[in-house]
Amino acid sequence: MTDNQEIKPKKLTLGNSKLSLNKSFDSLTGAQSFVNAKSKTLVEVRKSSTGSTTTLSLNKERNSLDQTAIDANKEEFNRRLSILKKAAEQSKLNDPSQISTLSKLASINQSANSKIETLETEVEQKQQNAEEEKVEASAKTVQNNEDIQPQTSKKKEETFVKSPLVGMRTRYGIESEKELDKTVDNKVVAPKIKLEEPKKFKKADLFNMLGDDESGSGRTRSLASIKRAREKEKRKLVSQAPEKVYREVTIPEVIGVGDLANAMSERVADVIKELMKLGILANASQTIDADTAELVATNLGHTVKRVQESDVENVLISDDKVEDLRTRAPVVTVMGHVDHGKTSLLDALKSTDIAASETGGITQHIGAYRVTIADDRAITFIDTPGHEAFSEMRSRGAKVTDIVIIVVAADDGIKTQTVEAINHAKAAGVPIIVAINKIDKPDIDIERVKNELYVHEIIGEEAGGDVMVIPISALKKINLDKLEEAILLIAEMQDLKASPFGSAAGVVIESKIEKGRGTLTTILVQRGTLRNGDIIIAGSSYGKVKKMTNDKGLEIVEATPSVPVEIQGLNEVPFAGDKFNVVQNEKQAKDIAEYRMRLAKEKKISIAPRSSLEDLFLKASGNSKIKELPLIIKGDVQGSVEAISGSLLKLPSDEIKLRILHSGVGPITESDVSLAHASSAIIVGFNVRAGANALTAAEKEKVDIRYYSIIYNLIDDVKAIMSGMLDPIVREQYIGSVEIRQIFNITKVGKIAGSYVTKGIIKKGAGVRLLRDNVVIHEGKLKTLKRFKDEVKEVREGYECGIAFENYEDIREGDTVEVFELVQEQRQL
């Protein structure tokens, strides 16, 4: 049926219903436009949000088009018309009125399309006229341009009048565009249709409606077909291998295979293949050296940057600016022999009494104190123990100090620890001040002490040297002002400066564990400013500074150079003498701590004593002559524990091996008791005690726990234990001599030598040595000793007796017998 045949037999009637397309897909809500290719007049099908009504409106676009645009719009029109047909076919509401309405709409648009050919000539003519007008317009003034606008609107009106829908204007008597829009909205509508509940459409329906229908077959694609198409596209994307990226790989001295693969963004399997090519079998969890890792990375096309493991400590290196330097207080270390008055001198200087609280009158660990003297000038003192066991702690004290004061008792003179203190001070290269103490005592000789100092190259200023020798009395506070003046004078000559800016750094003086407070570490700040909340690394320990306390027990928030403080927050107990630094974050601190722990472990393995071949054979046979004394050492501070361990390991013994199973800071715990029970060890506690649970476990397991408060008592007891484990010395003790005068042969007994005791005493069972012509021909034991017919235990000098030897009868008259006993003596270390 043609376009004219459908319209002419009957006129369109006006009705109350509106033209509607009952499409089931909501995503096409909005306006769909169909463009007449001849006149570019738009016919819009407007669909409400419910998808139930469609209205037609005609809008005039423009008055000049080129032929290319006309052809393109014809194709667009045909494609959209095809979509509408599909929508009608897909809908399950096959209402005849709906199909009829759609046919009417299509016929109207087809009528417009049929007149395209008749207007082509007219369009070409209009294009030529437009070009001529464009040339004329460029030559006219702005006023002439304004006159062109009504002409343009007039042409648009002419275009509208001559549009393909001119038949509709004639049929319905419409004179203007407004009336045409109104007529279409009110008259060209479909009858009302009772709609069912809209069905929820599927993705497949949407693809089918919007799919290309160039073939015109109208075939509906199934959901499985769509899925297959999607999977095919995905496979194409996967098959396209991404371009390989070559990176710069940072390789440390040792790296794991998996870590190397991650650094290169390569598969672990590829890295393992490269290792196999090099003849190395390794899995992802194993480590390889830097050279091998470099070969693998180079073979895979990456560039390599070698770094050393020690580079993690580079963040700790920083230089102070000259303009930031400020004068700081001197750090003075007090050294000397036991009980020569070091702590008493500090008491006098800082007006406190620490010596009274110390066991045995000696300092058990390093203490750091800050003393303010005249003119508000401060001096930091470090009190090192005077006992010989703390030589290592003293050496650490000398490394952090600016000035060393060596205290010598005027009535005692130079002693062993005094010489060690002099040597430590010389090795540190720091100035020395000699304080001759106890000058208040009677019958002292200061000149004798000075002469003893000359022997060790300590020459006073009065003798032309550079060492200040000051006689003092700490008890009577004599000449203390002169000592302070000497300290400040040397400090001024040294021009001691440090920067209070930047990250803090310094040295650990002492550390311990206290119940309820955790790890307590005494540190000395050497540069920068330490604040609460800073993250520090000290040796292999690290943590966040939670609290700072000064030497007077007051809580402070920051510490500047030359200020000693006690901090809380480290995860472990550091060693006395370890350096500390402030780092940016906890990760940096952890990396540095792990690196230092690995170094310490490697060093410990490298210095471990090697067993000789003979010892290995003896151990394998179970006849080892080397005995072991296992010990567990617990102390109050790390420095004391370290000093005890060092002193005990220096005890000389080739037959007893002292093995320290565990040493640490803090009270004795149940785990210590369990370890001691498993290894038959002795637990030694220095200024610490065992808890209730540990004591109960020790009594049950019969573990020996010993407490000490003075270090040399501990060392003496361990030495005695080791001495008791040594094999005793067996020595011959001569007790008498016998002269053989007559030989008797007795049946069932053998030869009996009638003898005379010429010297000492002889005992039954004693050792004998038979001499003939002063040559020893037999050595054995005395089997029989008789006097007349009676068996006796001993015969003294001047008496006769009968003797017989065990398993030996070659005796003659005139032989001499020496009698001796074997005596065991306990050995000492």
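Each position is counted from 1, following the chain as shown.
Cβ atoms are placed via backbone N, Cα and C, with glycine included.
Record note: among 111-115, 361-365, 551-555, 361-365 is the stretch given as region 'G2' by Swiss-Prot.
Annotated range for region 'G1' in Swiss-Prot, selecting from 176-183, 336-343, 608-615: 336-343. In Swiss-Prot, the region 'G3' annotation falls on 383-386 of the listed ranges 47-50, 215-218, 383-386, 531-534. Among the ranges 21-24, 117-120, 437-440, 513-516, the stretch that Swiss-Prot annotates as region 'G4' is 437-440. Confidence over the domain 'tr-type G' (327-497), given as mean pLDDT on the 0 to 100 scale, stands at 79. In the three-state DSSP assignment, the secondary structure recorded for Gly336 (GTP binding site) is strand. Around the Cβ of Gly336 (GTP binding site), the number of neighbouring Cβ atoms within 10 Å comes to 26. In the three-state DSSP assignment, the secondary structure recorded for Lys342 (GTP binding site) is helix. Here the region 'G4' (437-440) is broken down by DSSP into helix, strand and coil counts: 0 helix, 1 strand, 3 coil.
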